[in-house]
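Enquirer: Before we start, here is the structure in question, set down as structure tokens.
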Amino acid sequence: MSEKIYPIPDNIKKNALIDEETYQQWYQESINDPESFWAKHGQCIEWFKPYTKVKNTSFNGDVSIQWYEDGITNVAYNCIDRHLKTHGDKIALIWEGDNPYHDKKITYNELYEHVCRFANILKNHGVKKGDKVTIYLTMIPEAAYAMLACARIGAIHSVIFAGFSPEAIAGRIVDCESTFIITANQGLRGGKQINLKDSVDHAIEIAARQNVHVDQVMVIRRTCGPIHWVEGRDFWYHEEVSHTKTDCPAEKMNAEDPLFILYTSGSTGKPKGVLHTTAGYLVYASMTHKYVFDYHAGEIYWCTADIGWITGHSYLVYGPLCNAATTLMFEGTPTFPDNGRFWEIVDKHQVNIFYTAPTAIRALMGAGNSFVERSKRTSLRLLGSVGEPINPEAWEWFYHTVGNNHCPILDTWWQTETGGHMITPLPGATPLKAGSATRPFFGVQLQIIDAEGNVLEGETEGNLCIIDSWPGQMRTLYNDHERFIQTYFSTYKGKYFTGDGCRRDSDGYYWITGRVDDILNVSGHRLGTAEIESALVSHPAVSEAAVVGYPHTIKGQGIYSFITLMEGTAPSEELHQELIRHVRKEIGSIAILDKVQFAPQLPKTRSGKIMRRILRKIAENNFDNLGDISTLSEPQVIDDLIANRQNREITA
């Protein structure tokens, strides 16, 4: 296959931190002598007690991952305190509100005071090292303060995206046994108010029925909206922050002390609590941010991700601040008040590096070029893509229309579990191909493997595995190490299985082809099909449900549901809409059923297993070759499913 290659622009090549020769040299060193390589690069953060041990990892047996295990440091200290002498007056955080007329600029000195005050409030309310703190906030500066305050005192934060339902919030509270929640009365997004506190109150009631009791709720006042209040449990942040001390010593944290738990969808339905620890994570977040974005002092860097996702953790908060960068946080959406908002912000704040998701790119591409062309965007130097594979058409539009043909696009592949970038171009070292994540980052050893476990060489396609550890790797699933082993290390023994399919071309470039397990990637958000199916069958009208993904021009993947109703229940448009609302209520606003097909029966094997492979083909409108259907118990079911498919506008 021949793809157009975009060479490295001269202006990038001239000033890049990493060129092609350095990439090759460092990569070989990182693979051949990882101990030495990571010993050297572990010095990118400051240590209270230096490490003498670097790498102690095994992907076999009980699976154990430790990096810098005898070192002592603190994440908040590295993200704030160490910059104060030389960068105290530098802008650390630019906040752009949902309202285009609202913004704030916070220096490193001011960030230090905000975080110390926040940390002291937590301590005054009994939060201590090792406690779990749930954060349910929209994109306001206090969300970053909360994360950094937890890191400062050694509390473990669990940030939940402020779009998840009370049921989803409760599940996460119960799983990590969190008794302290930080939220706001309301949030603002896209000109709409989101009732955060109401969702938290409901979640607390659900958690209590499962014997997990939330003792304290800190509430940030974002709007003047009404609020339900529980005396003795709830307290206002603004009432305490004004008379709290502006100094709080950073807790001495062992390198392997937990930093945060972040929940991601699992194929069994129950979300997985991905656990990241202190030092290895920060070293990797800092290093990938610096070299992938070729970050130079003084640049304005904007990652549009929400703090509820790993991208917001690694590349909005921890990575940039560890590198003394100026990071921009945006409260709103790309389409409010109109489709030009992103580009107006780029001009307003003179953004140099812009990192967003293919879903946003496709939506804005669909809105037409006029919204882009009314802005200048001359400050832009680099563009980035994250969350899902970017299709070549969107890549080309991003490059030519947004980047004016001169901004390299950093198409980054990584996961919640990996902590940071795994396959990515480096601006000064990597010629680009539209739609390819290109080459592995330092220390990342990739293998493509077939279904039988054979390693495939050269130009090929198969399942993507990683054969050795890296510092940013998750350590376990919270309270479920056995599930951690089974999920990631049992498919191919001694290897981390990513769950993604991958193609390697003749130039050694990698192309991610999508999930090979039962996880959907909807607008860059991972949703488990089992989780959606469980939500559907919890409705009294639903007997059985199967959920698959299908190609969606904006979201990348859409959610297609096949539903069998209870005896005596007839399909109707009213029920169709009710089921859409029901799933949103159970999981959250990101789980919108795009296609609902009522079916008298689902295709099953003789042992009763639903043949999702066939349903995927039908959902993709690709039913001419359904493959082997000899194991179907009732083959005639297929004809009905094809005749009543809901996706006729899709071309195969």
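Cβ coordinates come from backbone N, Cα and C, glycine included.
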Enquirer: Among Asp450, Asp500, Asp505, which residue does Swiss-Prot name as a further ATP binder in the site formed by Gly387, Glu388, Pro389, Asp411, Thr412, Trp413, Trp414, Gln415, Thr416, Arg515, Arg526?
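Expert: Same ATP site in Swiss-Prot: Asp500.
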Enquirer: I want to verify one value. Collapsing DSSP to three states, which class is Lys192 (CoA binding site)?
Expert: strand
Enquirer: Across the listed ATP-binding residues, Gly387, Glu388, Pro389, Asp411, Thr412, Trp413, Trp414, Gln415, Thr416, Asp500, Arg515, Arg526, what is the farthest Cα to Cα distance, given in whole Å?
Expert: 18
Enquirer: Applying the rule Cβ within 8 Å of the centroid of the Cβ atoms of Val537, His539, Val542, what extra residues of the same chain belong around the Mg(2+) site?
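Expert: Everything else in range on the chain: Ala535, Leu536, Ser538, Pro540, Ala541, Ser543, Ala545, Ile563, Leu579, His582.
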Enquirer: Tell me which of the binding-site residues Gly387, Thr412, Arg515, Val537 ends up closest to Gly190 (CoA binding site) in space, Cα to Cα.
Expert: Gly387
Enquirer: What's the number of neighbouring CB atoms sitting within 10 A of the CB on Trp414 (ATP binding site)?
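Expert: For Trp414 (ATP binding site), the 10 Å Cβ neighbour count is 25.
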Enquirer: Which of the binding-site residues Thr311, Ser523, Val537 has its Cα nearest to the Cα of Pro389 (ATP binding site)?
Expert: Ser523
Enquirer: Neighbour count, 10 Å Cβ-Cβ cut-off, for Pro389 (ATP binding site): what number do you get?
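Expert: There are 22 of them.
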Enquirer: Quick one: Cα separation, Val542 (Mg(2+) binding site) versus Arg584 (CoA binding site), in Å?
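Expert: Approximately 16 Å lies between the Cα of Val542 (Mg(2+) binding site) and that of Arg584 (CoA binding site).
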